[in-house]
Structures are given as structure tokens and as C-alpha cells.
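Per TrEMBL, the features are as follows:
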BINDING   A:GLU35, A:GLU64, A:HIS67, A:GLU135, A:HIS168  Mn(2+) binding site
BINDING   A:ASP59  Ca(2+) binding site
Amino acid sequence: MWVYEKKLQYPVRVNQCDPRMAKFLMEQYGGADGELAAALRYLNQRYTLPDRVIGIVNDIGTEELAHLEMIATMVYKLTKDATAEQMMEAGLGDHYADHDKALFFHNAAGHPFTAEYFQAKGDPIADLYEDVAAEEKARATYQWLINMTDDPDLQDGLQFLREREVVHSQRFREAVEILKEERDRKKFF
Amino acid sequence: MYTYRKYYEPYVSPLDPCPPMRVKSYETPPQLYMGFQPPNLPQYHPREALKQGTLWPALFAPYTNPYKGPGGGVDGGGENPDNG
């Protein structure tokens with residue numbers, strides 16, 4: 001169960017009307033390394049990982065849903081007042097024909113989201129290593145997105161999301177360390 | 001100490017169709033080096049931490065477009081702003 005707070009994790013501001021950038025941001029909405037794939041991957045792993053690392057995937061999976069909201073807000077703001085002509089010029093004509101301004105879970109190239117984007121192997125090390133890789137790939141996506149826009153407000157939000165990928169990667173790496181630990185050995189700090 | 005960005009110079013062929021990018025870069029952020037996070041690391045003030053996206057300066061690694069450095073092309077950056 002979740003408790004919802006009716007606010008974004010980090011404020012989303014957008015300076016320029018730029019539907020083309022919205023198209024690129026869709027990579028993080030419904031793409032293979034996007035926030036939806038991340039949230040579903042981690043929340044699904046909660047049931048079968050060793051109990052000492054379940055809290056990590058629970059918390060991070062939940063935060064990914066908050067990131068998903070931020071991306072959705074960016075896309076919404078970038079397209080909200082665009083005309084049909086502007087949508088077509090931005091390469092969003094195919095999207096507009098099917099969805100108008102509604103968001104849909106597909107990547108920047110328009111491929112619909114699929115559960116095949118992630119695995120649930122059942123082997124804790126294999127699953128956590130996939131999680132580390134997923135965070136690094138999402139971090140890289142945010143880098144390329146930052147490279148593609150000149151809007152400092154949009155960059156600021158993307159910068160925050162990228163930093164969270166760094167922290168999540170660190171936590172998944174620590175989860176692996178926890179599972180590697182010899183449990184009967186005392187550890188002193 | 002380590003840097004968050006590494007550089008390399010790829011081979012440039014006289015037959016390459018695009019003007020060459022002589023220096024390329026990639027990111028090597030702090031989580032690659034930290035191992036298990038040590039206890040009692042310095043922390044940001046909570047307000048600043050919410051803005052930075054992390055409570056610990058040791059994990060803060062802001063990204064800038066390496067192809068839009070001060071002199072254009074790949075920047076001369078890659079320094080370690082908070083850990084140096």
C-alpha cells in the first residue's frame with residue numbers, strides 16, 4: 001500500500017514550448033531504461049529477494065514512480081499548447097493521430113512499452129546486477145537528454161533525476177555487498 | 001583522488017566524412033569508487049540536500065554537456081567539485 005503526497009518529488013519547470021524535446025523525454029517514460037520499467041522491475045523483485053535487501057527495492061521502486069510523474073509533467077508541459085502543426089513538425093504526428101496530447105507508454109521512437117524490457121531471474125545477484133546496470137543506463141539517458149536541451153529549467157530537473165540514479169546505483173551496489181557478507185562474522189565500524 | 005570524467009583521443013582517419021571530434025569523454029561517477037558507503041560522511045543541510053538530490057557531497061556529481069564546454073568541443077573539466 002502507498003500513501004500519496006499530492007506534489008512532485010522535485011519541482012518541474014519548463015521554459016520553452018518544445019514538443020520535440022517532449023518526444024525525446026518519452027524515452028524515460030515508456031522506454032527500456034525508463035522510469036516505468038525501473039519501477040515495475042524493482043517492485044516485482046520485492047517478493048523473492050532475500051529479506052535483507054527487500055527494503056532497498058521497495059524504496060527505490062517507489063521513488064521511480066515519483067520520477068515517472070516528473071517525466072510525465074515535463075512531457076505534458078512541453079506539449080500542452082502545441083498545435084497539430086507543431087506536433088507534426090516535432091515528429092509527433094504519429095502520436096497525435098492516435099493519442100492527441102494524451103501520454104502513452106512508448107519510447108522516443110514510438111515503440112510501445114513491453115514487460116520484456118526487464119527480467120526477474122530469481123537469482124539475487126543476477127537481479128541486483130541488472131538493477132545496477134539499469135541505473136547506469138538511466139543515468140546515461142539523462143546525460144544525453146541534458147545534452148539535447150538548452151532550457152536551464154528543464155536541465156535542472158533532469159540533473160536532479162540523474163543524481164538520483166547515481167544514488168540508486170550506489171544502494172544496489174551496497175545490496176550486493178550485503179548479500180556477499182558472511183553472516184556469522186561480526187562487523188565493527 | 002579520482003575524476004568524474006575521463007577523456008580519450010580516438011583514431012582519426014583522413015577519410016572520415018564528419019569533422020573529427022579529437023577528444024571524446026565518458027562519465028565515471030562516484031558510486032563506481034565508493035564500495036560500501038562509509039559511516040559518518042559529511043552531509044548537506046537538508047534544504048540543500050533536497051535540491052542536490054543527495055544528502056552526501058561525496059555522492060554529488062553534477063553533469064554538464066561535455067560538447068559545450070567553455071571553448072566549445074570537449075571541455076577541459078572533469079574535476080571533482082566536492083571531493084577534491
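Every residue, even glycine, has its Cβ placed from backbone N, Cα and C.
Automatic, uncurated: that is what TrEMBL annotation is.
What TrEMBL annotates, mapped onto the structure for a quick look.
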residue  : record              : DSSP (3 states)
A:GLU35  : Mn(2+) binding site : helix
A:ASP59  : Ca(2+) binding site : helix
A:GLU64  : Mn(2+) binding site : helix
A:GLU135 : Mn(2+) binding site : helix
A:HIS168 : Mn(2+) binding site : helix
| query | How many Å lie between the Cα of A:GLU135 (Mn(2+) binding site) and the Cα of the residue listed as 'Ca(2+) binding site'? | reply | 14
| Looking at the binding-site residues A:GLU35, A:HIS67, A:HIS168, which has the shortest Cα distance to A:ASP59 (Ca(2+) binding site)? | A:HIS168
| note | Within 10 A of the CB of A:GLU135 (Mn(2+) binding site), the number of other CB atoms across every chain shown is 24
| remark: Filtered by Cβ under 8 Å and at least 6 apart in sequence, the residues in the chain of A:GLU35 (Mn(2+) binding site) near it are A:GLN28, A:TYR29, A:GLU64, A:LEU65, A:HIS67, A:LEU68, A:ILE71, A:ALA138
| remark: A correct count of other C-beta atoms within 10 Å of the C-beta of A:GLU64 (Mn(2+) binding site) gives 25
